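Copied from Swiss-Prot, the annotated features are:
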type	residues	note
DISULFID	3-20	disulfide bond
DISULFID	14-41	disulfide bond
DISULFID	26-30	disulfide bond
DISULFID	45-56	disulfide bond
DISULFID	57-62	disulfide bond
């Protein structure tokens, strides 16, 4: 499987059986910059803390950098 990986947001090969993930959360600058984003791959879908959103998927390049809605 190929997943997008931060910080360069480049597509990279991940080991067999891994899943891609997109993790987003707010920090002190969320109102200005939008949510922080972490893209990667892991053996299983990571467990996250409250306030952190995660989406996992298992097809090539299924975790592109999310687009920010403009007001």
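Going from the start of the chain as shown, residues are counted 1 onward.
Heads up, the Cβ atoms here are built off N, Cα and C, so glycines get one too.
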Exercise for the section: Give the distance between the Cα atoms of residue 20 (disulfide bond) and residue 30 (disulfide bond), rounded to the nearest whole Å. Expected result: 24
Handout entry: Candidates 14, 26, 30 (disulfide-bonded residues) with Cα within 10 Å of residue 57 (disulfide bond)
Key = none
Handout entry: Using Cα positions only, nearest of the disulfide-bonded residues to residue 26 (disulfide bond) (3, 14, 41, 56, 62)
Key = 56
Problem - Alpha-carbon distance [residue 3 (disulfide bond); residue 62 (disulfide bond)] in Å - result: 7
Problem - In three-state DSSP terms, the structure that residue 41 (disulfide bond) belongs to - result: strand
